[in-house]
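This report refers to the structure that appears directly beneath it.
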Amino acid sequence: MPPFGFLHMRVWASLFGQLLRSPRAVCIREVHFHSQGTRDISPQQMVVREKILDMVVGCFKRHGAKRLDTPAFELKEMLTEKYGEDSGLIYDLKDQGGELLSLRYDLTVPFARYLAMNKVKKMKRYHVGKVWRRESPTIVQGRYREFCQCDFDIAGQFDPMIPDAECLKIMCEILSGLQLGDFIIKVNDRRVLDGMFAVCGVPESKFHAICSSIDKLDKISWKDVRHEMVAKKGLAPEVADRIGDYVQCHGGVSLIEQMFQDPRLSQNKQALDGLGDLKLLFEYLTLFGIAEKISFDLSLARGLDYYTGVIYEAVLLQTPAQAQESFNVGSVAAGGRYDKLVGMFDPKGHKVPCVGLSIGVERIFSIVEQRMKTFGQKIRTTETQVFVATPQKNFLHERLKLIAELWDAGIKAELLYKNNPKLLTQLHYCEDMGIPLVVIIGEQEMKEGIIKLRSVASREEVAIKRENLVAEIQKRLSES
């Protein structure tokens, strides 16, 4: 089965019917059973997803977050004008009688709406849920129209850069824990970006449009970005060239110091505020022991309109072999500070400063699945611990009594749904499904008041007194 093997199924029309209608033309018809950019997730894929999500959520909980959920759709007016140029990717629902609704585009805007509606001033929350975007899906990169997001956010008025530093620490913990390979987290600040636009001569009315162009630098070359800014967005060529001098800079604390001394940037208060916070951020990142994973990158823009301060994005560093395979998943985590978003939903405009991150789990699933496919790893899709078997006919009642006893003791158990299954069929099932233990009951065992307990891996069998069976199984499972 191909990775995510789902997007299309081929339906072969009846060859005889085709031949009767046209003896020379046999047509093969391809039918799409669901929308492009969506997919079914097989049991094998679900196992991989659950392990990754458990690890991600475990990290969120370790940092003290509470879980929140919000509706899959919101009032359309709640979502519009929050995403800049990406607003055209929002899925609008058909008018069902007065309310104009849209599917949620991300988990951040619904969180801000929740804080404002419930007058919550302080909260550390995580949210795992599906979101929808009407973009061209690129399946190989793990990009879909329907996908899962995993968000962690800290809302509230706190001292500068402490929550922001924790968000970057969480990103490092998760990406290191998933063992995806080497990564770097690019960091910038929207105030530095806006200050840079101002000193380069970008009209304020074009800030967001130019920001969206800069955001494409990880996908297309500077030459193409420059062309878009000049030809499509009407920016003067000399202004674009000044921007080009900045956006090709990246480094650490030394680059921040260099920007403080920059003759143009140092004249802009907004940029200086952003640089001051970034300097403080790097101080905390050094204390967390992760500064070497972070790069101050002036090309990082994050196109969403709601960001107001520090922004960041994690990318995997490709090995030469991965580069040859053209398997580039782009960013695997991103986020930033959005201090004004909650105020947009509050009738009195009360602001709640927020900072957060989103883990790109769909892209991570793509990488892990690709690797498992490459290495031919087999995945167990069930957690069954014990199989109840019999070598004889007419033992269904005894098997049912025995399996009920195991279930009641909290043991994960299965049996075949047949009155008289063959023993070999039952043992083969255990091997195929990776079930570690088999309990065997037959006439001889009934007479002697025992049950045979068999290890599937070693094929060793021991006789256990019926009353001691549950305790013996639990002992073995705790040792494995």
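Note: Cβ is positioned from N, Cα and C throughout, glycine not excepted.
What TrEMBL says about this protein:
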- Asp106, Leu107, Thr108, Arg133, Gln149, Asp153, Arg302, Tyr306, Tyr307: L-histidine binding site (BINDING)
- 36-391: domain 'Aminoacyl-transfer RNA synthetases class-II family profile' (DOMAIN)
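Distribution of TrEMBL features across the structure.
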residue : record                   : Cβ contacts under 8 Å, 6 or more apart
Asp106  : L-histidine binding site : Tyr83, Val131, Gln149, Asp151, Ser358
Thr108  : L-histidine binding site : Asp151, Asp153, Tyr306, Tyr338, Leu341, Gly356, Ser358
Arg302  : L-histidine binding site : Asn188, Arg190, Asp215, Ile311, Glu313, Ala334, Gly336
Tyr307  : L-histidine binding site : Arg190, Gly336, Arg337, Tyr338
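Summarising model confidence by region, the domain 'Aminoacyl-transfer RNA synthetases class-II family profile' (36-391) averages a pLDDT of 90.
For Gln149 (L-histidine binding site), other Cβ atoms within 10 Å of its Cβ number 18.
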